[in-house]
Amino acid sequence: MEINAAKGTRTYQVWPGNNVTLSSYQRGLFLTSVSILISTWIFTIYIANDLQNANPTLVITICLILTIVIIVNLILVTAIDPGITPRSTQQSSIEDTDSSNGSRRKKVTINGVQLKLKFCRIYRIFRPPRSCHCTICDNCVEKFDHHCPWIGQCIALRNYRFYLAFLITALMFFIYIFAFSCWRIHQRVLESGTGLFGMLRNCPETLALTLFSFAAIWFLGGLAIFHSYLTAINQTAYENFRNSYEGSPNPYDKGIIGNITEVLFAPLPPSRVDFRAEAMPRWNVEDEKPPLG
């Protein structure tokens, strides 16, 4: 099937991948955003305003600041190009490949360590080092970490630091509301003399938020610790899962300080695909599909 790109049509409108417009991942973004906003609403209405021996205005203000920071980081993670590589529309002439087992690979040396580059049949290119083709987004992404179902976006080279910021601020947010929720439950129990079953009948929203926050803390805490470890050793979750450097040193390891600096503070490379640029007059979608067999 061929898609004709009329004059003025932008690249993102005809791009074969699945994550270049908001409509393709709005479900994950919507569900995550709603869960955070509902938690904020329940906390401010039913818990913060009802606390004793506390300044409710200050408590609510801190909660709202955390919420805004989380939503901003979430939007950045979702909206920024994670590191999508350009597609080739030409049949590549492949040299220095090993096709004895049906795969196409070539070798490169990085910092004295030899790595194999895999040929992508969909993109018709040798994938750059540390890149991977995401089957969900249908894009080859540089320094691919994982595809996050809670966000609906690949986490990779250009949005990884914002993903870390989202994890950490969300963890702080749920620790904050969990602590005050537990405090309010303790106050209610002392006031009424009823147990947890009485709380379930009189203020179910407080118990529900406490339990949800507790589960979120464990989930986000585990992810934050894992990705902090990966940042310190300059490794992606995909590389860690596949034991990519088992039996050989990690060619990208620059020491803890160097790794943290590279991941969190190095200037972000520009996007390799200008999705706002005017599209080519004709885009052959069938050419992007891998051959049968």
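Even glycines carry a Cβ here, placed using N, Cα and C.
Per TrEMBL, the feature compositional bias 'Polar residues' maps to 86-102.
Annotated domain 'Palmitoyltransferase DHHC' per TrEMBL: 116-243, in sequence order.
Annotation comment: TrEMBL describes 86-105 as region 'Disordered'.
The transmembrane segment annotation in TrEMBL covers 28-47 (among others). Listed as Cβ neighbours of the transmembrane segment (28-47) (distance under 8 Å, sequence separation of 6 or more from its ends, same chain) are residues 22, 60, 63-64, 67, 70-71, 74-75, 78, 148-153, 170, 173-174, 177, 180-181, 184, 203, 205-206, 208-209, 212-213.
Sequence annotations record features per position, and here TrEMBL assigns transmembrane segment to 59-80 (among others).
Taken from TrEMBL, the feature transmembrane segment applies to 162-186 (among others).
The transmembrane segment annotation in TrEMBL covers 206-226 (among others).
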The domain 'Palmitoyltransferase DHHC' (116-243): DSSP-derived helix, strand, coil residue counts:
75 helix, 19 strand, 34 coil
